[in-house]
Structure formats: C-alpha cells, structure tokens
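Enquirer: This is the structure, below, for whatever I ask next.
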Amino acid sequence: MGYFESDALEMLEVYLLETRQLNNQLADILLEAERKSRFEEDSIHSIFRVMHTIKSSSAMMGLGGLSSMAHKLEDLFSFYREHPENLESPEPGLFDLLFEASDFVEQELEQMKREGYKPGDTSGIENRAQACLAGMKQGKVQGKVLETAQAQGLNKAGTGQPRGLNKSGVGLEPDQEQGLEPDGTLRAGAKEGETAAEIPEAFVAQGGTVVNVTLEEGCRMENIRAFMLVRSITGICTLVETYPKDLDKAGESAEYIGKNGVFIRFESGDKEAVLKTLRNGLFVAGCKVVADSEPEDSLHGGSGSGLGPASGNRKAGGEKDRPEMVSDDFMEVRIERLDQLQNQAAQLLLQMQILENELSKSGLEDVENGTGHQISLLVSQIERSVMEMRLVPVAKVVPKLKRALRDMCRDQKKEAELVVQCADVEADKSVVDYVSEALLHMVRNAMDHGIEAPDQRQEAGKDRRGKVVFSAENAGGELRLIISDDGRGIDMEKVREKAMERSLMTGPGEDIQQIKEVLLSPGFSTNETVTEYSGRGVGLDVVKNIMEEVGGSLSIRSKEGEGSSFAITVPLNLASMECVRFKIGPYRFSIPARHVYRFLEYGAVKDMMRCMNGREYLLYEDRMVPIIDLHGFYSLGGEIPERAVLVYVRGAEHEGFFLMDHIYGQKRIVIKSLPALLGSGFRSRTGICGCSIMGSGHICAALDTEILIGRYKKEERYDR
C-alpha cells in the first residue's frame, strides 16, 4: 500500500467499496441504454453523478489519473444534459469507450489492494473521450470547424495539465480559475490576503436547513472527512450542497474546514435523522443549525456538491420524491467480520455438542433436558441469525453475465439477450461468489457453442436474436441455478468423434451421461480453433471443479437443434449442514439430510434385491435402484448386521440406496473442507468431501453421495 499516504490509507477501504458500487451502477445503466440504443434522461443524470463522485473521491485519494478520466467522461454527459435531443442513437463508439473505462476502474480497484500499487495510464481513454466529445460537438454545430489542435492537445502525455484542471485533474469552472465561486464570493484559500472566506449569503438564502459541522482538533484530511459525512446523508436527503463547494480540493477546502468547519445545506423529509447522522459522524466535534427555512424558489436546481439527486428526478410541480429512509436500518459490515462471527458460531455449535455428550455421560438428564436444551436452542438461533446476515441476492451476478454476453455478441457478430428469472432468491455470500465464476463460463459456453449466427438462426426458422435464460430457485435447502439457451444444442456425433480420437470413449454410446463426462474432461473441446473464449477445454472443467469444491453437482440436458440446459445445484450455506449421521463398523460417516428421502430395514427387503452385471439393485417404485455397500467400497470388512438400514438418497443427477450398519441421529454439524495436501482428485476417488469433529471427539467423514453413486454405476461390484 506504499502509494497511499497514511491518512488516505485509512479511507481506502471505504473508497474501494463505494467506487465499486458506483462502477456496478454504471455498468447496469450502460447495458440497458445500449440495448435500447438510447439514453433516458434519468440515466444521463445518474451517470453524471457517478462520474462526478468518482472524480471527487479519486482526487481526494490522490488518484489524479482516475479523477481526470472521470472528469473527461463527465464532460461527455454534461453535453447530453445540455442537448437532450441527442439522447437517441448515441455515438457508435461511445458504449465501447464507457465499458472500457468501467473495466479499467474495476482493474484499478483490484490492484489498489496489493502492495506496490502504481496507478494505470488513463491517457488512452481520456484522448478517446475528448475525441468523442469533439465529434458530438461537431455534429451539434452542423459543420462549424472546431479548433482541433486544442481538442487533440489537451491530454497528451508529457504536455502537462490542460487549462481548467487543478493539480489533481479535477475540472474547474471559469470563475473558479480566477479564485471565485460562481456566486462571486471569494473562494476559500484564494490569494487575496484573506485566510478564510465567509459563507455567502446566497448559500443560506436558497432555503432548506443549513448546518455548520466542525471537526475534532488535530483531525487531518478534513476535506475527506467532510466528504464522507456528506455521503452518509445522501440516501435520506432530496438535496445536499456544501460550502466549500469543491471538497476535492485538498489544500484549499481542508484549510477552510479545519478553521471554520463545513457548511451543509440539505432538504429532507426527516431532518432529525439527518442531524443525528451528522452528529454521530466520525471525528465530528459539533453540528450547529445556522439556518432553517423554506427555499425562495422551490424549483431551484443547485448543482451543489453533486451528491444529491438530480433535478431530473423530481416530480412535476416541484414535488419531490419521498426519500427512502435507510440510514438507520442498514449498515455496511466488512465480510471478514461476518466470516469471523460465522466461525465463532460454528465453534459454539461444536462446544455445545461436546457439552451435551458430557451431560449425557454424567447422568445429568435434568440439566441436559432443561438448561442444556435452552442453551442448545440459543446456539441454533445464533447460528441461524449469522447465516441470514450473510445472505445476498443471487441476482448480484446478473450484471457480470449481461456484460459477458454483450462482449461475446460484439466479438462474434451474434445477437442474443439474457433473460433473468431470479425472483428474490438469496444464498450465502461465499456460495454466490463461488458460483459466479461457474455461471460466467456457462454463459460463455452457451454463446460460443449454442447460439448460432443470426443468418443461421433465420434459416432454421428461429428468431435472429438468440435467448439465454438464467433462472434460480431455492429447492429444498439447495440453490439451483440454470443457464439454458435456444441454440443448436450439443452435437452428439461431433462430441463422440472427438472423444474417440482422444480415447475418452470406446464405443458409440448415446447416453447423455457419457457425453456429459466427456464434456467435463480437462482439455476437451469441440472447437477446431482456439479463441479468446474457447478451444482449450477449460470452461466446463472449471465448472466441474467449482462444484466439487462447494459440494454441488452439474446436470446437462440438450436437444439437437433446440438448445441446451446446464443446471448447477449447490448448498445454500457452506459453513454447517443438517446431516444424517451413521456408522459402518467403528467408523462414522454423514450425508446431507436434504438428499435423504426414506429409510428401509435391510432384512425386510432382501427378497426384493437383484444382482445384475455384478451390481446389486433394489426394485423400488417400479425401477431398479442401485445399492451402495460402503463396507466393500472402503474395504472395511465385517458382516452386515441384522438390523442394518437402507437409506434412499436422491440428488440432482443420481439416486441410490446406501447400506448402513446403524443410524445414530440427524443434526446440524460443522463440516471442515479437506486439506490441500490430499490432492485435487481425493474427493472424486473416495467420495469424501470433508469431515467433522463430534462432541465425543470422534472424526466423522462427510460423503458426497453423487460421486459415490456415479462411481458405483461405472465400476464392478465392490468386493467385500
């Protein structure tokens, strides 16, 4: 973190969070505008505010390049605000430029977290932004020759800052270049022999509530502290302005605020909530109301600090939208703290199991059934609350999927849209983070191998525009995510030929399960050439590895000429799981309770068992279901007891009966992942996906039933 000064380093985490949120907001607006081939007026205001905020906050962090780039992009949308007639059919290269800028910001945010960060070069994007603006202006003046030398020379490397920018690269208005505010009042810190300017009467006369917020003595980077204060109230205000106006001017604003405090003028439906937020702000020494009145002109615009909603968002007749009062109901928490809280809840659950075991052995049934039971309930409630705190909408991955689809459409000259059917499905943040990469690969796979070129689709009687559908549902304690398309489907013959060339298939089998296993093989691809998106056989192999890592499964359905569907099923939570625990001999195992559907006595159904091709099956509901005997698979030896139990298990892909010596309970347990030293293939070879420590101190191996049933179907009967 050597690039940032110590004071700026304190604010880096907040800067990263807020800038990433703004960047995601920008991407959403751009995708929608590009789809419609026009900008809505509200969208222009929103993008302008995004760029203005990134410009200001980047300047305060000492990131002059990012600030200057945001300023150039802000200029583009300032043009659109002044000329709304140009909102239809924007410049062809504008979206590419803005998406490139968005990607650059995202890359910079990732790099800032690393040691030795150095800001990237923004000159290329800035030059293109200026050229784009010049082109729009040339179109506006209808042939009037512009001074192209000035337009081309503004931002070349090594030529210094263009006129009208301060040392941080933030734009100055003409009056500000002369040391004046737009209302004619001397700007704070202007060189006219005055140490500080007084607040102008015009600032107060505009109405609303004006407060003077002073900061604690010795507080450094006063302008950044003031900026964060203003940011904290924007969600509950319909208008916010500050004096000094430009909080991004570190030397000038910081000096003024240090001596006089910052003056904030706001309008809100809940004034007390705003004042409470300001008074409780970090490093705030005092918050005094200096004026409280109705504005002289209820229709005034007032750009202010650029942090309040734009005038275009107000209702006709001057009536303002009622703000959402969210500041007292929501707060941002570092994910590391939630991770720590989750680990502590898991340890608490483990210790409770140990306590229950000790109480049971000590014969203290009254304590176990009374106080012990109440504590157990509290522990369960704490764990449930922690799990709910970590829930995030699955829809948060949608912008990335839309962007991936958009880029591939442009690169491959295809037409397609992403249809989202997520409703209000939520899952643990870690699960959503894991599956987001898998979903990206699945969307790319659908576009690259499924969706045809527009002319091909038209010849096949389809709409020229393809459709990729992303759907999500909460199914019995699991998260099921599906990426489907209406493309060409899987070419079974082509897959078979490729597979036989690489000795991955030995016969002409038509089984979709065999095809699926081939498609998931590392390095397998049906593409003849390697492109940016495919040809190396990595995509679906990555999906398979992610599913193994989180204990999920992947299913594939396809019909040639009509499309394919790839569905992944994962647990909603990775920290703990409701499991059925059982024993085979002296060894303890567990399987997810969500996969268990029925228990049968082994002795009562022995007559219904059949042996076919060296494998044992049970006739169950008019179909032959395999019986998995773990004695043989793990070479545990021993005889099957008379009171052994068959447990019917059904997952996303497979069903089967597991033969168990003894079932000793169902409980929510903490499952620890396997150590890396066991190797990446350990899970697929053994079916063991993790382990738990029981209250008695014994180790309980967690089993992946999908892997075990799949292996049983492929291999000979396990020898006992």
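Just so you know, glycine gets a Cβ as well, placed from its N, Cα and C.
All annotation found in TrEMBL is predicted automatically rather than curated by experts.
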Enquirer: Of the ranges 51-78, 331-358, 555-582, 667-694, which one does TrEMBL flag as coiled coil?
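Expert: Result: 331-358 is the stretch TrEMBL calls coiled coil.
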Enquirer: Let me know how many other Cβ atoms fall within 10 Å of the Cβ of His52 (phosphohistidine).
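Expert: Taking every protein chain into account, the count is 23.
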Enquirer: Take every residue in the coiled coil (331-358), average their pLDDT values, and give the whole-number result.
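Expert: Averaged over the coiled coil (331-358), the predicted model reaches a pLDDT of 76.
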